[in-house]
Amino acid sequence: MSSTPTFEKVLRVEGMMCGNCTAKVEKALSAVDGVDTVSVDLDSKMAKVSGTASAAALVEAVTAAGKEAQLLEEPKMPIPRRTKSTPLSRDSDGMKHPAAFMVTAGTAPARGSGGVEPTPPEVSSRPSSTSLSTSVFNALGMGGDSEETCVLSIEGMTCASCVLAVERALFSVPGVVTVSVSLMGKRGQVCYKPSEVAPEDLCNAVQQMGFRSAQMAEADLMGGNDAEETQQWRAQLLGSLVFSLPTFVIAMILPETPLRDALHTTVVPGLSVGVLVLWLLSTPVQFVFGMQFYKRAFKAVSHGNANMDVLVALSTTVAYFYSAFFTGLRMLHCQGIYLFRRHNHQLLLLHACADGDDCQLEDSSLHSCTDIAILDVCFEVSTMLISFMLLGKYLEASAKGKASEAVMKLMALQPPSAMLCVDWPVNKEPPKEVLVAELRSGDVLQVLPGSVVPADGVVVRGESAVDESMLTGEAVPVSKQVEDSVVGGSYNGPGPLWICVTAVGANSALSKIMSLVAAAQMRKPQVQAFADRASAIFVPCTVSLALLTWLIWYLCVYAGGLSPQLVAASGLPSGQVLAFSFGVAVLVIACPCALGLATPTAVMVGSGVGAKHGVLFKGGDVIENASRVTALIFDKTGTITSGALTVAAVVSWDAELSSDELLWFVASAEQYSEHPIGRAIAMHATEMGLELGAARALRSITSRGVSCEISRRPLLLGNRAWMTQHGVVIGAEQEEQIAAHEATGKTVVIVSLDHTLSGIVAMGDSVKREAAAVVKQLGLWGIEVWMVSGDNERTVRHVAHSVGIERFVGGVTPEGKKTKLAQLQAEGHVVAMVGDGINDAPALAQAQVGIAVGSGTEVAIETADVVLMKSALRDVCITLELSRTVMRRIRLNFAWATGYNLIGIPLAMGVLFPVWHARMPPMFAGLAMALSSVSVVVSSLFLNGYRPSELPQPEADVDVIVKY
């Protein structure tokens, strides 16, 4: 045995999507000389290899398997060598470990301590992902300079002013890069430099502004507390109504009944029974149920911020203490102590007088000090204002809960438990019920008929039909058999299934969907900037306007500009009370909340509606951009076409090489490929029973081709440019055959063996049924449609014409797609790109709206702004139409919120009073303000009624490009 030391290396492997991918990578790495152990983890995309093999050999092996690999950790110290005869066991995460440290045969996977042999202290049987991530960052030199993102829960925000204050506070922290705060989601997403600031510092910055904040765990990101918040507001409302309803009856109804005289019964001189009862009823409402407004207003003002709570606290306090002041004043008046003298039939606060001569009542409608006290007080104003505020908050919270209903339904899809096959594939023991949170990649689960699939996985036994409508919007159940993928949250049909778990937790499709919908609330459309700017000055302007209103009316009273008849028309006892009423009404009716809710409620509801139809928006800005699209670029393969390529013809031009032998060489080079063409060729060869060889020195260039060595013979596969680049000449006769296949829509792979042109493989594909109808619909909307593909010009032309696309470009590289897109943008177009492959990623990133079909690669889906879960072209139309519908609703919300303030504030100021005697009492102004916020949320809820438009009938029914 060699004494060569054994080292451990860690590779990051990109492109793994399921358990089959990890198996391919493990097989490829295990075949490398000098490899002792291999552990590949799908969740972290890490491969840990021990042995004497070089890093270059490992990377080359992974590349030959069709994946991308990067060495993350250089060998630091030798580890004890294990002989190849020592068996490897796989744990429930798909990780391989020496059998001595694994579960004994026939027992359940490690859950707690049952069935697990003790692990020696010096050996960890299951490396933690945290430590692995740390070593990876250290190996990349990213420990201190990288940017990280965290999500904070933020409680106490009530309007757009609060959002602006929180964002300013977070931006002021050194090391913060970007901040986005969601009023609806009650959270903030912060991108920061961990070398300069920690999440705790961010929470402290928010807390110093008077809001409660904490870092949210990943598992809690989608956990909403709308129901709890609604119940809290409901309890506050019901408690306040116990006092405010009697207050309203006593102040507004009983004075018009025979009980009026009873209300004027004197308790002490200047204080009647009615006033005393009103005072006692209003006090607990003001200082118990209204205390939350005081607290939030104090915190806001103490940090230099002015929000809606400031207006509520200020207006109710003024009304309450105004009433208390005049009640005390009347009591002093009746004791012979005067702080007022009469002027023009109005009471003016000037001085104290010692005699009673100046206190003779000049208005015959008022008979006593007690009468004046009853008429002057407005305890019911402060009481009803607070109750109306609580009513508005309760209705608003209820409506917000409805707005996030679609997301909550997604959360409810995942069952709490699953049936784990503890001894798969022996199955001598019955399945064991475990919590879904305990599942790990590699576990095998039994899914009974009619039950919910608990996690993402691959079918390893059984056949059934699975209903995925709640996730994709597709109503027809999808047939599932061995090797088919299933998604957690879908409903199993008539047959039992056994599935191998491939993704759990945050990596599952359901979690990613919910994360996307949650993240959509964090990315704001530009139109939200209007509300942010308005809210920054709204409250100070409102307070100034209220003071100005009171001052103008007070001066009119003082100057005698109001006649007794005009004052009497108001139903109030004096001009002073009238002036006060106008000032308080302005304070109360102004509402920045409606402006702040106009956009986020529509984005939340729109994102939920999109998810229900299988369209996932990654942000409110994406919805805004999608509504303005004027040009749209389609990729061809897998987008316009189904991407289900099949081998239509194999032609050998080498007399010594049969077509089957040519196919063997091509399939051997493509057996680990993730490209649709490569997968189709390899599958075709496997179905023919060909035993494929090993490819060495494999090199793949996107949109060009592949080069490698098979059986020590150099092989080239690709297009004309690839052949020309390597000096392979295509003769006229061969070019004619290639062109003939391309003219019928086939994609042609040119093959060169031993630097000589050897033959071609022609691939057939079918156009998606709805493609022509979608293209026609886009044209009717005035959108310029393009097809840009890496395939050859003839094939692209054939496909484009068959679906009605007049503008197309073929034979372009990924950078060429990006260049074409930039050209359209330079012409003034807002461009959307629809694609599915790695080669589409640069263009998807360049486009204002990148749309990835759900069957595409992980890179394309990560790069795109919109993900179509069903991979149906019809959903492109839904994306654009729904975006336009949401933006129309946002504009309507803004129009209502702005119009409400533009109309309501002048009415509250009394501009109509001198002519039509119309005014807005403060309590009704408060009701109008509360309902304005609710109306905006309810307006957004109408988006739930969205139904996609029917596609127009295409000129001709296009089914298949190539039939064979």
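Cβ coordinates are placed from backbone N, Cα and C, and glycine is handled just like the others.
Because the structure is a prediction, the values reported are computed rather than measured.
Here TrEMBL flags 7-70 (among others) as domain 'HMA'.
Per TrEMBL, region 'Disordered' is recorded for 107-130.
Positions annotated as domain 'HMA' by TrEMBL: 148-214 (among others).
The transmembrane segment annotation in TrEMBL covers 237-255 (among others).
Taken from TrEMBL, the feature transmembrane segment covers 267-289 (among others). The list of residues near the transmembrane segment (267-289) in space but at least 6 beyond its ends in sequence, with Cβ under 8 angstroms from a Cβ of it, reads 236, 239-240, 243-244, 246-247, 250-251, 254-255, 316-317, 320, 323-324, 327, 330-335, 369-370, 373-374, 377, 379-380, 382-383, 386-387, 390.
Positions annotated as transmembrane segment by TrEMBL: 310-332 (among others).
According to TrEMBL, the transmembrane segment annotation covers 372-392 (among others).
Counting residues 6+ beyond its ends, the transmembrane segment (534-555) has Cβ neighbours under 8 Å at 159-161, 163-164, 306-308, 310-311, 314-315, 561, 575-576, 578-580, 582-584, 586-587, 590, 592, 595-596, 905, 908-910 in the same chain. The transmembrane segment annotation in TrEMBL covers 534-555 (among others).
As annotated by TrEMBL, transmembrane segment applies to 575-598 (among others).
Sequence annotations record features per position, and here TrEMBL assigns transmembrane segment to 894-917 (among others).
The annotation transmembrane segment is assigned in TrEMBL to 923-943 (among others). With a cut-off of 8 Å between Cβ atoms, the residues of this chain six or more beyond the transmembrane segment (923-943) that come close are 315, 380-381, 384-385, 388-389, 391-393, 395-396, 399-400, 402-403, 584-586, 588-591, 593-594, 597-598, 601-602, 604-606, 609, 885-886, 889, 892-893, 896-897, 900, 904, 908.
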Tell me, what is the mean pLDDT of the domain 'HMA' (7-70)?
77
Same chain, outside the transmembrane segment (237-255) by at least 6, Cβ under 8 Å from its Cβ: which residues?
263, 274, 277-278, 281-282, 284-285, 288-289, 374, 378-380, 383-384, 386-387, 390-391, 393-394
For the transmembrane segment (575-598), give me same-chain residues lying six or more residues beyond its boundaries with a C-beta closer than 8 angstroms to one of its C-beta atoms, as numbers and ranges.
158-161, 163, 183-184, 307-308, 311-312, 314-315, 318-319, 322, 346-348, 375-376, 378, 381, 385, 396, 530-531, 534-535, 538-539, 542-543, 545-547, 549-550, 553-554, 556-557, 562, 567, 890, 893-894, 896-898, 900-901, 904-905, 907-910, 913, 919-922, 925-926, 928-929, 932-933, 935-937, 940
